[in-house]
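*Asks:* One structure, as structure tokens, below. Some questions next.
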Amino acid sequence: MGFGDFLSKRMQKSIEKNMKNSTLNEENIKETLKEIRLSLLEADVNIEAAKEIINNVKQKALGGYISEGASAHQQMIKIVHEELVNILGKENAPLDINKKPSVVMMVGLQGSGKTTTANKLAYLLNKKNKKKVLLVGLDIYRPGAIEQLVQLGQKTNTQVFEKGKQDPVKTAEQALEYAKENNFDVVILDTAGRLQVDQVLMKELDNLKKKTSPNEILLVVDGMSGQEIINVTNEFNDKLKLSGVVVTKLDGDARGGATLSISYLTKLPIKFIGEGEGYNALAAFYPKRMADRLMGMGDIETLFERAVENIDERSIQKTMNRMFLGQFDLEDLRNQLAQIAKMGSLNKLMKMLPINKVSESQIQEAQRKLAVFSILMDSMTLKERRDPRVLKAISRKNRIIKGSGRSEKEFNELINSFEKGKKQVLEITKMIKSGRMPNLSKGGFKF
């Protein structure tokens, strides 16, 4: 459970418990803020940032910051949400990459995820911004660092410029010349890290800054490092004048609340967050969207963006047409599940929806079933997926069960879920064609 889940559930529970069937008054405000403060501190939010949030919420709640007709519960959520946005940085801070080639200098301590983040950023800029990106390996000290970058670049089809153990400053200068000659839009410098900040590291980074004049200097910090990331950020910023911060591993631990404090304490924007190991698990940071998640409002904007980026519109339209014609089969289901999987895990997608009634265990069980169903369908021939009626043959059924390594019970569950879902879709289609409004809450495929 990531820090967002931990903090979100604690704050929502506190507000709901103290504000249910009530109006805002000094007593329930005091009790709610006491519990929210404890939630913030337990999530490792810096004490000064926590005080700022609590004091501002208290002033607004007691100072008549009330919308007519809204419940105490709605009011408190609105006020806390606004203060979270303010603490997180108010607005999204996009990269300054209009110059060609633009230089992005990645800095940070060893273990922060700097090298993998450099590759993720290259992938993001290429896919989303249509930029031609050159990765430059400059970490000549950590064994295998440059080789790691080369391998990562191969996975994302990103070219890597490296000169082995050559002086990093010289390599960076040569990389810039190469980028200009070969029409690259962005150059990402993967600099050396250290176990701790030292003068040797800072001198090398300062030389790189002077020679390459980067448009952006991004500090990569480990979101699981606690309050230490504030000190690290300040040390790097004092020496290099950072343009922003990238926080990694936000999905890894409940005590990641120091992230909430970075912008407030350092006045630097969080530009990106890493929420997984995949090379597509880096996202631009939007304070409002993070606050939405923390307050249980979901994150529809990010969900929509992921859908646009990963789902083939023509394929969806084709599937919808087949559904309305009653021709939907297991091949269609398999294809749609594969497209949804590109958007991320079911757990992450569900958290982007403004719903609170689905428990963590229910989501995990649904995720498990989807994985099992996909394995079973992968073990079928195209003919079997296109015409599920042939699966009634015992020999086919046994072959699929054996080939997939799943059980007969799981096979039957897939077929029953599919048949039930298909029947419900047909009923909905008939109602639409006859001009009646279907009850969509009863339709669809149940997992």
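Placed from the backbone N, Cα and C atoms, the Cβ positions cover glycine too.
Among the features that Swiss-Prot reports, GTP binding site is placed at 108-115, 190-194, 248-251.
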*Asks:* Mind checking which of K114, R194 has the fewest other CB atoms within 10 A of its CB? They're the binding-site residues.
*Replies:* R194
*Asks:* Within 10 Å of the Cβ of G111 (GTP binding site), how many other Cβ atoms can be counted across all chains shown?
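*Replies:* I get 11 for this one.
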*Asks:* Run through the Cβ atoms and count how many others sit within 10 Å of the one on T191 (GTP binding site).
*Replies:* 23
